[in-house]
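Asks: Would you mind keeping the following structure in view while I ask a few things?
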Amino acid sequence: MTKFIFVTGGVVSSLGKGITAASLGRLLKSRGLKVAIQKFDPYINVDPGTMSPYQHGEVFVTDDGAETDLDLGHYERFIDINLTKNSNVTTGKVYWAVISKERRGDYLGGTVQVIPHITNEIKERILRVAKESNPDVVITEIGGTVGDIESLPFLEAIRQLKNDVGKDNVLYIHVTLVPTLRVTGELKTKPTQHSVKELRSIGIQPDIIVARSEQPLSREITEKIALFCDIDKNAVIQAVDASNIYEVPLKLKEEGLDDIVIKKLGLTCGEPDLSEWEQIVERYKNPKFEVTIGIVGKYVSLPDAYLSVAEALRHAGIYHETRVNIRWIDSEMLEKEPVEKYLSNLDGILVPGGFGDRGVEGKIKAIQYARENKVPYLGLCLGMQTAVIEFARNVAGLKDANSSEFKPDGPHSVIDLLPEQKEVEQLGGTMRLGLYPCKLVPGTKAHAAYGEEIIYERHRHRYEFNNEYRELLTGLGLVISGTSPDGRLVEIIELSDHPWFVATQFHPEFKSRPNRPHPLFREFIGASLKTNKLF
C-alpha cells in the first residue's frame with residue numbers, strides 16, 4: 001500500500017517547504033524506497049508558463065513538456081528522478097478539469113460545488129501519481145501558507161484523503177518559522193502555535209513539525225512546541241539555516257526526520273546510504289579551485305528566474321572541485337556602458353533563455369566580447385539565437401540581422417518562427433515543449449562532451465535558426481554540431497576558431513544533477529578553469 005506524506009507551511013511563505021520535501025525524498029530513496037513527489041500551487045493560472053519571472057521565478061520544464069513550478073527542479077535534482085505533468089497541479093488546472101466535466105455533462109445535471117467536486121478532483125490528482133509509478137511513498141507539497149483562502153480546497157482534500165486511504169497510510173508534516181527577536185535574541189514559538197491552531201481548525205493535526213530558525217532550538221523551546229501543538233517531542237525537527245541547500249538532507253537526517261517518518265508510517269526498509277550525498281557536500285564546501293562566471297540576463301535582479309542554470313553551474317563546480325562564483329549582469333547595462341566594465345575579469349560567460357527584446361542588444365554585445373576575446377561561452381535557448389545574430393552581424397556582415405521575434409519585418413531574420421507556430425494565437429502551453437532527440441556531429445565539442453551520437457534534451461521555444469542562412473554562416477566558421485534527427489532543426493552551434501564556444505536551442509540545465517552534472521556545463525566549467533591562472 002502506497003503511503004502519503006503531505007507537507008504544508010505556516011507563518012510566512014518561502015520557508016523552504018520545497019527543499020524540505022525534496023530532502024525527505026532523498027532520505028527515503030537512500031533507504032531503498034521508491035518515491036514519487038508532486039506540488040500543488042494554489043494560484044488560478046493553469047500553469048506558470050505565461051507568468052512573469054519576477055512574479056514566479058523560473059519555469060521548470062519536464063520531459064513530457066509541462067511548464068511547472070521551480071520546486072520541481074529541486075525535486076528532480078535531490079531525488080534524481082524525472083517528473084511528469086502530474087507532478088504539478090494548480091488551482092487553474094483543477095477548476096479547468098471540473099468545468100470541462102460539467103460542460104460534458106459528467107455530473108448529470110448536479111450542482112457543482114467546491115465540496116465534493118473540487119476536492120474530489122484534487123484527491124484524484126494525488127492518487128493519479130500513486131497509480132502512475134506505484135511508489136512506496138508519495139510526497140505532496142501544498143504551496144502557499146496555511147490560512148490563505150486559496151489553499152483551503154487543497155487542505156480539505158488532504159484531510160479527506162486520510163479517511164479514504166486509512167489513517168495509517170497518511171502523515172502530515174508542517175513547516176513553520178520560529179523567529180528570533182533581535183533585541184533579546186529570544187526564540188518565539190507563538191507564530192508556530194497559531195499556525196498549527198489554524199491547521200487544526202481545518203481538521204488536520206500535524207504529525208511532525210519542521211521548525212525553521214536562525215539558531216538551534218533549546219530543549220525548553222522544543223518541549224513548548226510539542227506541548228502546545230500536541231505532538232511528540234522527538235517529532236519537533238529543528239531546521240537551522242544551512243550554508244547551502246545540499247546540506248539540508250544531512251541536517252534533517254541528524255535530526256532523525258526519516259526515522260520518525262518510517263516509524264509513523266510503518267514502512268519496512270534498510271538503513272540509509274548517504275555516502276554519495278556526503279561526498280557531494282564535502283566537495284561543494286571544500287573546493288580546490290575557483291572561477292567566476294558572468295550570467296548575462298534581463299531578470300538578474302531575481303536570481304530564482306535562472307535557478308536551474310545556477311544549480312547546473314554549481315554541479316559542474318562540484319565535479320571539478322571548483323567554487324563557481326556567479327556574477328549577475330543586467331544585459332541592459334551593457335547597452336549603456338562599456339562592456340569591459342562588466343566582462344573583463346570573467347572566466348566564462350553564459351547567456352540564458354528569455355523572451356522579448358528588452359536587453360537583447362546587451363546580450364549580443366556580451367557574446368561579441370566572448371567571441372573576440374576567446375572567453376568560454378555557453379548560450380542557452382535565446383543565448384543560442386543571439387549568438388547566431390551576433391555572428392551574422394559581425395562575421396557575415398549582415399548588419400541588420402535579427403530575430404523575427406524582435407523585428408518581424410527585418411531584412412535578415414536569421415532566427416525565425418517555427419513553421420508550426422505561425423498559426424498559433426494562444427500563448428499558454430503552445431511552444432515546442434519537452435524532450436526531443438538531437439543528433440550530434442562527430443568531431444565537435446558537443447559530441448566530445450556527450451560521448452554519444454543521439455541525445456535527448458528539453459525544449460521551450462517558438463523560434464529557431466533560419467535554414468536560409470545555414471550555408472552562408474557555416475561557410476564562415478559557424479559549426480552546426482547538433483540537429484534534429486531529420487537535419488531540419490538546428491539544435492547546437494559552435495565556433496571552429498574558439499577554445500570553447502557552444503550554444504544550444506534546448507535547456508540543458510533542466511537535466512543536470514549534483515551527482516551527475518550536465519556534460520555541457522561540465523565542459524564549460526572545465527574550459528573556464530583553463531582561462532583561470534589558479535588552475
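Glycine is treated like the rest: Cβ placed from N, Cα and C.
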Asks: Out of Asp69, Asp71, Asp80, which is the one Swiss-Prot records at the ATP site of Ser14, Leu15, Gly16, Lys17, Gly18, Ile19?
Replies: Asp71
Asks: Report the candidate from Lys34, Lys39, Lys162, Lys224 that shares the UTP site with Ser13, Lys188, Thr189, Lys190, Pro191, Thr192, Gln193, as recorded in Swiss-Prot.
Replies: Lys224
Asks: What is the nearest of the recorded positions Leu15, Ile19, Thr189, Lys190, His507 to Leu382 (L-glutamine binding site), using the Cα of each?
Replies: His507
Asks: Would you mind checking how many other C-beta atoms are within 10 angstroms of the C-beta on Gly354 (L-glutamine binding site)?
Replies: 23
Asks: Ranking the binding-site residues Gly16, Gly18, Pro191, Gly383 by other Cβ atoms within 10 Å, which is at the bottom?
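Replies: The binding-site residues Gly16, Gly18, Pro191, Gly383 were compared, and Pro191 has the fewest Cβ atoms within 10 Å.
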Asks: In the same chain, outside Ser14, Leu15, Gly16, Lys17, Gly18, Ile19, Asp71, whose C-beta lies within 8 angstroms of the Cβ mean position for the ATP site?
Replies: Gly9, Thr20, Ala21, Glu141, Val175
Asks: In three-state terms from DSSP, label Thr189 (UTP binding site) for me.
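Replies: For Thr189 (UTP binding site) - judged by DSSP and reduced to three states - the answer is coil.
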